[in-house]
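Notes for the one structure printed next.
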Amino acid sequence: MFKLLFLLAIFILGSNAAVQDFCVADLKGPESPAGYSCKSVANVTVDDFVFSGLSAAGNTASIIKAAVTPAFAAQFPGLNGLGLSAARLDLAPGGVIPFHTHPGASEVLLVVQGSITAGFVSSANAVYLKTLKKGDLMIFPQGLLHFQVSDAGYTSVGFVFSSSSSPGLQITDFALFANDLPTKLVEATTFLDEATIKKLKGVLGGTN
């Protein structure tokens, strides 16, 4: 019996082993929950495994005074199927990455310039909050609401690394106020008054 269980455990542990070296994304096809289909190996080049897009600062001239430059599978095809990705955060003074979640990944933030206050809220509504300086790291567990705010008088920069090549993103403010969800339903589910909701919809482009 124990021998059978041991062999079964070996089979299960080995069943997730890679059967090919890589699966460079074929961006001409659709993305599925499992990622993109693989480009033909004959068409793979070294450039599929190199990405230079995080070297340049993002444009922070927006309502949030911040920019996110992704290096996900859609931008960096060589990441496809490898369970990791990256992004650059540029936050001007007062810039903010609003409360958001990544349904498909945990995230690590590395601050490389300035000062960023970051935090997340657990499913028990416990708050984990810290002001991070250059060289500091912070973890945001998968699916939990989290945010980043610049505290420096100049642009703060961070790099985030995720445990998925397509971590997904939902920004709470946009989910509530940047669509056509009826104001009365937003009022009923958030306890905000109608005037505030309509003001926020006006700012973020929502209707109804």
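Cβ from N, Cα, C; glycine included.
In TrEMBL, annotation is done automatically, which means it is predicted and not curated.
TrEMBL has this to say about the protein:
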{"type": "SIGNAL", "residues": "1-17", "note": "signal peptide"}
{"type": "DISULFID", "residues": "Cys23-Cys38", "note": "disulfide bond"}
{"type": "DOMAIN", "residues": "52-198", "note": "domain 'Cupin type-1'"}
{"type": "BINDING", "residues": "His100, His102, Glu107, His146", "note": "Mn(2+) binding site"}
{"type": "BINDING", "residues": "His102, Glu107", "note": "oxalate binding site"}
Between Cys23, Cys38, which of the disulfide-bonded residues has the fewest other CB atoms within 10 angstroms in the structure shown?
Cys38
Arithmetic mean of per-residue pLDDT over the domain 'Cupin type-1' (52-198):
93
For His102 (Mn(2+) binding site), which residues in the same chain are close in space, meaning a Cβ under 8 Å from its Cβ, but six or more apart along the sequence?
Phe140, Gln142, Gly143, Ser162, Ser164, Pro167, Gly168, Leu169
Just to be sure I understand the packing, how many Cβ atoms besides its own are within 10 Å of the Cβ of His100 (Mn(2+) binding site)?
19
Would you list, in sequence order, the residues of this chain other than His100, His102, Glu107, His146 that have their CB within 8 A of the centroid of the site's CB atoms, where the site is the one recorded for Mn(2+)?
Thr101, Ala105, Phe120, Phe140, Leu144, Leu145, Pro167, Leu169
Residue counts in helix (H, G, I), strand (E, B) and coil for the domain 'Cupin type-1' (52-198), per DSSP?
25 helix, 57 strand, 65 coil
Could you state the whole-number distance in Å separating the C-alpha atoms of Cys38 (disulfide bond) and Glu107 (Mn(2+) binding site)?
25
Rounded distance in angstrom between the Cα atoms of Cys23 (disulfide bond) and His146 (Mn(2+) binding site):
31
10 Å Cβ neighbour count around His146 (Mn(2+) binding site)?
22
